[in-house]
Amino acid sequence: MSRTALIMAAGTGGHVFPALAVAKELQQRGYDIHWLGTPAGIEQRLVPANGIPLHAVNIKGLRGKGVAGLLMAPLRIAQATWQSMKVMHQIKASIVVGFGGYIAGPGGVAARMCGLPLVIHEQNALAGMTNRLLSRIAHVSLQAFPGALPTAKVVGNPVRAGLDSLKSAAIEEPRRLRVLVVGGSLGAVALNDVVLACWSMMPVDARPELRHQTGQKDYERMAAAYAGTDVEANVSAFIDDMNEAYQWADLVICRAGALTVSELAAAGKAAVFVPFPFAVDDHQTVNAGYLVKAGAALLKQQKEITPEWLLETVNQLNSDRARLAGMAANSRKLAMPTATRDTADIIERMTRAH
């Protein structure tokens, strides 16, 4: 019997990468995979590159669009729902799986109107508006962190393969500390500046090794800034092999996107979180709290972080390797390495049930 799963995920890597992990797992189980996305999101590049047919539907976010945007919203949602229904009929979908982004709302409604089973997955510790609404009509709701949705099953975030089996050098060894700075796919200008200023303040012989992913937009500026100092660092716009980067690192300084938090737990890494201050409903701070409360990470808001604070923090962790190792161990305890498989198992059961 042919089984076709329509995956809905759009906009950012936080939605698209977990969806891709599940899509690949379903393909290995014999599913035909199609993807419902938008014309402008990151899925336009990533999904076809993975050999998955992409169906683009015109829909944008509703927040911050003003009165005119709100007045047009019902029409745009209706059009997007109709387009989604056409795709579902065209591909003869067996099941629809939503991972968030603008497309998931009209796509989820379309799935129910077509009589198809609907499974949704919430990646963040604070659920987005779309998934809060869809959880009322979905056949199954899944979540990465406890409490994001009242009745959803906790499965974790599907992350890149191999993270849970990384073998890193012991932090307690008498060697230079290794610090990885990751601002996310777009980078983080404020974080970039603080890190360089911090390392510039350190005595040369006391500096940890540094790998710094700046993001594409800030790469040239930061590369020139590093060149103007005596700070030695591996500076890049992107890191293609994040598994290798995590394995290398003893400490990660980063934003607190849902996928980043889940990857750090899977890799068993200590972290210093600087949440993106403009995230919707400040959900990155809530995400970070999952590791912070477990003693696996520290948190500092962007408006509060200074080179001096970061210098003191890095020096303290560098001089107390036992504490750093404990943070890493606490992080690993929160890992959910079977998230991809568990999510696919639930999708399979729902497909058979309908």
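Glycine residues also receive a Cβ, built from the backbone N, Cα and C atoms like all the rest.
Note: TrEMBL annotation is automatic and uncurated.
Given the structure is predicted, the values throughout are model-derived calculations rather than measurements.
Positions annotated as UDP-N-acetyl-alpha-D-glucosamine binding site by TrEMBL: THR12, GLY13, GLY14, ASN124, ARG160, SER185, ILE239, ALA258, LEU259, THR260, VAL261, SER262, GLU263, GLN284. Sequence annotations record features per position, and here TrEMBL assigns domain 'Glycosyltransferase family 28 N-terminal' to 6-138. Annotation source TrEMBL lists domain 'Glycosyl transferase family 28 C-terminal' at 179-335.
Where TrEMBL records a feature, it is marked here on the structure.
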residue : record                                        : contacts (Cβ under 8 Å, 6+ apart)
GLY14   : UDP-N-acetyl-alpha-D-glucosamine binding site : GLY100, GLN123, ASN124, GLY257, ALA258, LEU259
ARG160  : UDP-N-acetyl-alpha-D-glucosamine binding site : PHE17, ALA21, MET242, ASN243, GLU263
ILE239  : UDP-N-acetyl-alpha-D-glucosamine binding site : VAL182, ARG211, GLN213, ALA245
VAL261  : UDP-N-acetyl-alpha-D-glucosamine binding site : ALA125, ASN157, ASN287, ALA288, TYR290, LEU291
Local backbone state of THR12 (UDP-N-acetyl-alpha-D-glucosamine binding site), from DSSP in three classes: coil
In three-state DSSP terms, ILE239 (UDP-N-acetyl-alpha-D-glucosamine binding site) is classed as coil
Average the per-residue pLDDT over the domain 'Glycosyltransferase family 28 N-terminal' (6-138) and send me the rounded value. 91
Can you tell me how many other Cβ atoms are located within 10 Å of the Cβ belonging to LEU259 (UDP-N-acetyl-alpha-D-glucosamine binding site)? 24
Indicate whether LEU259 (UDP-N-acetyl-alpha-D-glucosamine binding site) is helix, strand or coil by DSSP. helix
Specify the count of other C-beta atoms within 10 Å of the C-beta of THR12 (UDP-N-acetyl-alpha-D-glucosamine binding site). 19
Reduce the DSSP letter at ARG160 (UDP-N-acetyl-alpha-D-glucosamine binding site) to three states and note it down. coil
